[in-house]
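Below: one structure, written as structure tokens.
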């Protein structure tokens with residue numbers, strides 16, 4: 001074993017892998033946030049609450065209807081995404097021509113309402129949600145014990161991120177989306193229903209958050225506050241990647257997971273602050289983020 | 001207190017603003033007098049501690065509004081200056097035994113010093129990127145406060161003595177302290193008012209509206225932005241220091257990012273870019289936190305609903321709407 | 001417009017707080033805690049219900065007393081808490097504030113209660129400062145504190161063979177205190193501390209820290225954290241097979257609501273210390289039964305039981321004195337008589353304001369052993385009152401000197 005600053009290299013490898021797994025949550029969440037920001041120009045502060053809602057709806061499906069994890073994986077993004085569509089049509093759509101700050105305030109208010117209501121109903125300390133039996137247990141990799149569920153999280157997240165990226169970059173629908181991001185008026189003039197596209201995009205972004213929530217339910221505590229802390233970190237990830245950049249969100253999501261993982265080994269107290277240090281440095285050196293275009 | 005009233009009058013009538021003033025500001029005089037009068041008698045009708053909380057947060061919100069409403073700079077990290085102001089004031093009062101006439105200015109100085117460094121970094125970027133840098137730096141301040149020994153972690157600095165003003169006036173009585181806080185608040189408010197209506201303030205507005213044009217007119221935009229940033233963080237620091245003396249404690253809640261969020265909300269609910277908006281906004285939010293406390297978890301829901309309503313129904317904020325109805329600039 | 005809004009506020013305040021005449025035989029109890037945040041389940045509305053039960057059981061209502069129980073959510077903001085408490089003391093005529101979750105809040109209110117000569121009965125905050133340097137003749141710390149939790153758990157576990165430890169410590173004053181006190185007792189009992197890691201508060205992912213604990217080879221992984229941090233670390237410890245691979249978990253501050261949230265499959269085998277468990281004896285069962293009726297079937301936590309117990313004893317002292325207006329006198333009276341109630345049994349209150357009673361070392365049951373919801377613990381040891389709390393001379397309380 002070659003020690004590296006007192007930490008055996010193998011242990012370090014394990015820590016990096018864990019960082020990557022956490023990064024997959026960041027990537028999923030920041031991907032949704034970035035897509036929404038790109039097209040709607042709204043900083044969706046409800047994103048954290050929608051992630052939390054994803055976990056809660058999965059719990060409700062299981063406990064009230066007996067619907068298990070695998071169906072939840074499919075149903076929850078649709079249900080929560082649909083609720084997102086309603087919110088977009090009723091509320092957010094009134095703000096498109098205004099400054100970011102109003103969208104932020106509105107979505108923050110919605111997040112508070114969601115958190116408050118769920119807290120009244122279910123309390124603050126959380127709900128149990130078991131790992132599906134198919135994914136219980138784990139593999140001994142020599143340098144660490146990798147639970148099967150974590151491996152699944154990383155596979156699921158990478159494929160969803162990749163799929164979304166391909167959808168946006170390589171399909172006709174994606175082309176419309178990019179066109180509408182670039183110039184909504186002109187895209188509309190070409191006969192594309194931009195408002196519909198905007199609504200569906202918001203629903204899709206919210207669905208991604210809900211999916212992340214379902215993935216998180218078996219390993220993180222399912223409680224009404226679970227999204228309140230993560231939103232600001234995810235927001236930072238999006239900024240580091242470059243606001244609205246899809247690839248940037250995905251790459252910096254994983255990269256920051258890795259960096260956070262390393263911090264947890266060398267200076268654990270700072271592991272929640274390191275993202276902000278990096279954000280400050282990135283913004284000062286590369287103003288529009290790593291993958292953003294300079295305004 | 002009459003002194004404050006005397007100060008209140010001159011800038012309104014005597015100094016013409018160099019650029020064409022948008023409107024004659026005579027009604028400001030009346031409003032300031034009314035505000036002062038109400039605040040002077042208020043402690044006889046309303047609980048003084050509550051009023052002091054309100055004044056501290058109102059000053060904080062006014063400082064923030066100077067930056068956002070007039071400088072066009074949205075800081076997501078104003079809790080850093082407020083909280084550090086509170087910590088330093090508290091520490092100086094408790095450990096060094098300094099009087100409030102020294103500790104509160106020290107809090108302001110702390111805010112200004114931090115503001116100078118953070119502002120110099122942040123103003124190099126614009127829009128949302130500016131905001132994110134201020135947020136990032138404020139998170140580092142939070143981390144520092146969490147780790148530093150003198151803050152006592154989540155227990156906070158407790159039992160800060162209120163002390164004697166100039167060694168003479170005992171501030172342990174709530175009513176006495178109230179008038180000191182009120183004097184500081186009015187001084188801060190009038191200072192901000194004066195800045196807004198000074199040539200400096202006009203240049204700031206010009207930069208906010210069209211930065212390239214202001215630069216082409218020969219103004220050093222960066223220097224103006226930095227100056228307003230430092231002034232705003234200094235006042236925020238003073239507000240924090242005052243709060244530390246009022247409650248006799250300084251804790252991590254004052255530097256947490258939710259505090260930065262709260263001040264944004266106060267300003268927006270009250271009316272961004274209006275002189276009185278932040279005061280009303282602070283009053284609304286502080287009243288909610290204190291008088292809805294018996295509702296338990298419903299506080300969050302009510303708060304959320306108010307923000308949603310504010311964005312959808314009265315976007316200019318409460319004071320902005322009233323101002324529009326009355327056709328007054330408030 | 002300013003005038004209008006100011007008047008509106010003034011009217012609001014007046015309506016909300018009608019002045020109270022200082023009659024004898026009336027008293028007001030204020031339950032001040034977190035009702036919407038992290039600690040809402042272990043205290044929250046349940047503490048208000050517990051205080052109301054205590055008022056019913058005191059028998060004072062039948063003797064012509066008028067007792068009100070008020071509740072407020074301090075939102076974990078010390079300034080909001082301080083404002084509410086001051087208003088309660090100054091305007092509403094509240095005589096005693098109880099529960100007081102969150103250590104910053106508890107310390108701030110301790111000072112305030114002393115200044116206004118009222119009473120503070122702390123149940124929900126854990127900092128041992130309250131009976132140490134910050135002790136006050138107006139404050140009683142009722143249920144638990146960091147020293148008691150660390151000492152009892154640490155000693156008992158080392159004695160049963162768990163002599164090597166690794167700590168996951170919440171990077172917060174209470175986490176540091178728990179870790180420091182546990183480490184001291186582990187070393188004193190002949191154990192060893194192999195390592196520790198400071199985790200930022202509200203970390204969602206503990207796997208990295210758990211991996212460090214795993215590779216340390218320590219027999220015991222001590223969780224010096226609370227609330228959601230504890231349930232997250234438990235959940236992930238189960239996932240990473242910490243317990244399966246032979247290590248044991250020790251929760252230094254675990255409430256039954258945390259175990260309820262994590263579920264038995266995950267929490268099984270966890271060793272923890274508590275001042276109360278609903279299924280200890282007939283008294284606790286009777287109290288919990290009535291509590292459950294008021295609270296949708298939930299069982300009380302030790303914090304809520306502590307609120308009940310402290311209010312019962314407070315009311316006894318008030319009855320003995322005939323009125324409640326002199327806070328320090330009521331507290332002195334409370335200290336002068338032994339405590340006894342159905343929830344927490346017998347005990348005494350020490351001069352420094354520390355309530356002394358038995359503590360229980362509990363182990364979380366396996367799912368197969370549990371008969372249903374809330375049947376979670378088996379009793380391993382009772383830590384006698386005399387050993388459970390920090391000796392009087394070690395706290396640095398100024399009241400203890402004379």
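Just so you know, glycine gets a Cβ as well, placed from its N, Cα and C.
Lifted from TrEMBL, the feature list:
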TRANSMEM  A:12-40  transmembrane segment
TRANSMEM  A:52-80  transmembrane segment
TRANSMEM  A:100-118  transmembrane segment
TRANSMEM  A:149-168  transmembrane segment
TRANSMEM  A:200-220  transmembrane segment
TRANSMEM  A:232-259  transmembrane segment
TRANSMEM  A:265-285  transmembrane segment
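Here the listed stretches are A:52-80, A:149-168, A:200-220, and the one with the most C-beta pairs under 8 angstroms to the transmembrane segment (A:12-40) is A:200-220. For the transmembrane segment (A:232-259), the residues of the chain that approach it from at least six positions outside its boundaries are 16, 19-31, 33-35, 37-38, 43, 45, 47-48, 161, 164-165, 168-169, 181, 272, 274-276, 278-279, 282-283, 288-293, judged by C-beta separation under 8 angstroms.
Here the listed stretches are A:52-80, A:100-118, A:149-168, A:265-285, and the one with the most C-beta pairs under 8 angstroms to the transmembrane segment (A:200-220) is A:52-80. The listed stretches are A:100-118, A:149-168, A:265-285; of these, A:100-118 has the most Cβ pairs under 8 Å to the transmembrane segment (A:52-80). Long-range Cβ contacts of the transmembrane segment (A:149-168) within its own chain (Cβ-Cβ under 8 Å, at least 6 residues beyond either end) map to 18, 20-21, 24-25, 27-28, 31, 35, 131-132, 135-136, 138-139, 174, 177-178, 208, 211-212, 215, 218-219, 246-247, 250, 253. Tertiary proximity for the transmembrane segment (A:100-118) is limited to same-chain residues at least six positions away from its ends with a CB under 8 Å from its CB atoms, namely 40-50, 52-53, 56, 87, 91-92, 224-225, 227-228, 231.
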